[in-house]
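S.K.: Submitted below is the structure of interest, expressed as C-alpha cells.
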Amino acid sequence: MNRIKDFFRTFLLFELIKGMMLTGRNMFARKITVYFPEEKTPQSPRFRGLHALRRYPNGEERCIACKLCEAVCPALAITIESEQREDGTRRTTRYDIDLTKCIFCGFCEESCPVDSIVETRILEYHGEKRGDLIYTKQMLLAVGDRYEEQIAKDRAADAGYR
C-alpha cells in the first residue's frame, strides 16, 4: 500500500506542486521593502557595529592591557602594545583594530574584564584607502567619548542578560 502511495506522490510530482503553492501564496503577499539610507530599521542594543574604547567617569581609559581581546580575536584584527606605568599599572601604548580583517563577532567585547572595548550601533563608516579602516587608540577613544551616553544605555538594557 505504501509503495502505491509513494508511486503516485512521485508520479504526480506532489513535492513540486506543494512548493509551487508556497511560491504562489507568497507571490501575492504584501512586500516589505526598506529603502535603507532614507529609512532605518530599529536596532538591538546588542548590535555589533564600529568598535569604541571607553573611559572611566574620571577620564582615565579603562583598558588595562590584559590583551585578552587580542588573544581571542579569530581574525587577528587587534594589535596591542603596552607599557608599565610609574604607579605599577599597565596601560596600552598602541591599540589598533583593522576593520578590513574584523568579522564583528563580539568576542573582544565579551572577553574584556573591564568593559573597555565595546561595539557600538554605528554601521555607516567608510574609508577611501585601506589605511583609513585601521582604527588607532585615539580614534577608538574618540568614538567612545562621542557615543558614551548611547553605549551606557545599551549596556544598561543588556545588563540583565550578562
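Please read every residue number as a count from 1 along the shown chain.
Glycine residues also receive a Cβ, built from the backbone N, Cα and C atoms like all the rest.
Owing to the predicted nature of the structure, the values given are computational and were not obtained by experimental measurement.
So Swiss-Prot has the following annotated:
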- 53-83: domain '4Fe-4S ferredoxin-type 1' (DOMAIN)
- Cys63, Cys66, Cys69, Cys112: [4Fe-4S] cluster 1 binding site (BINDING)
- Cys73, Cys102, Cys105, Cys108: [4Fe-4S] cluster 2 binding site (BINDING)
- 93-122: domain '4Fe-4S ferredoxin-type 2' (DOMAIN)
S.K.: Out of Cys69, Cys102, Cys105, which of these binding-site residues shows the lowest number of other CB atoms within 10 Å of its CB?
M.R.: Cys105
S.K.: Please determine which of the binding-site residues listed here (Cys63, Cys66, Cys108) has the lowest count of neighbouring CB atoms within 10 Å.
M.R.: Cys66
S.K.: Here's one to test understanding: among the binding-site residues Cys102, Cys105, Cys108, whose C-alpha is closest in space to the C-alpha of Cys66 ([4Fe-4S] cluster 1 binding site)?
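M.R.: With Cα distances computed to Cys66 ([4Fe-4S] cluster 1 binding site), the winner among Cys102, Cys105, Cys108 is Cys108.
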S.K.: If you take the centroid of the Cβ atoms of Cys63, Cys66, Cys69, Cys112, the listed [4Fe-4S] cluster 1 site, which other residues of that chain have their Cβ within 8 Å of it?
M.R.: Ile64, Ala65, Lys67, Leu68, Ile80, Cys108, Ser111, Pro113, Val114, Ser116, Ile117
S.K.: Specify the nearest of the binding-site residues Cys73, Cys102, Cys105, Cys108 to Cys63 ([4Fe-4S] cluster 1 binding site), where nearness means the distance between Cα atoms.
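M.R.: Comparing Cα positions, the closest of these binding-site residues turns out to be Cys108.
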S.K.: By a simple count, how many Cβ atoms lie within 10 Å of the Cβ of Cys112 ([4Fe-4S] cluster 1 binding site), its own Cβ left out?
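M.R.: I get 20 for this one.
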S.K.: Compute the C-alpha separation of Cys69 ([4Fe-4S] cluster 1 binding site) from Cys108 ([4Fe-4S] cluster 2 binding site), stating it in Å without decimals.
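M.R.: Their Cα atoms are separated by 4 Å.
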S.K.: Through the lens of DSSP with three states only, how would you label Cys69 ([4Fe-4S] cluster 1 binding site)?
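M.R.: Cys69 ([4Fe-4S] cluster 1 binding site) sits in a helix per DSSP.
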S.K.: Express the distance between the Cα positions of Cys112 ([4Fe-4S] cluster 1 binding site) and Cys73 ([4Fe-4S] cluster 2 binding site) as a whole number of Å.
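M.R.: Here the two Cα atoms are 12 Å apart.
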S.K.: Where does the mean pLDDT land for the domain '4Fe-4S ferredoxin-type 2' (93-122)?
M.R.: 95
S.K.: Using the Cβ centroid of Cys73, Cys102, Cys105, Cys108 as the reference point for the [4Fe-4S] cluster 2 site, which residues of the same chain not in that list have Cβ within 8 Å?
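M.R.: Those within range, site residues removed, are Cys69, Val72, Pro74, Ala75, Ala77, Ile78, Ile97, Ile103, Phe104, Gly106, Phe107.
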S.K.: What is the number of other Cβ atoms found within 10 Å of the Cβ of Cys73 ([4Fe-4S] cluster 2 binding site)?
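M.R.: I count 20 other Cβ atoms within 10 Å of it.
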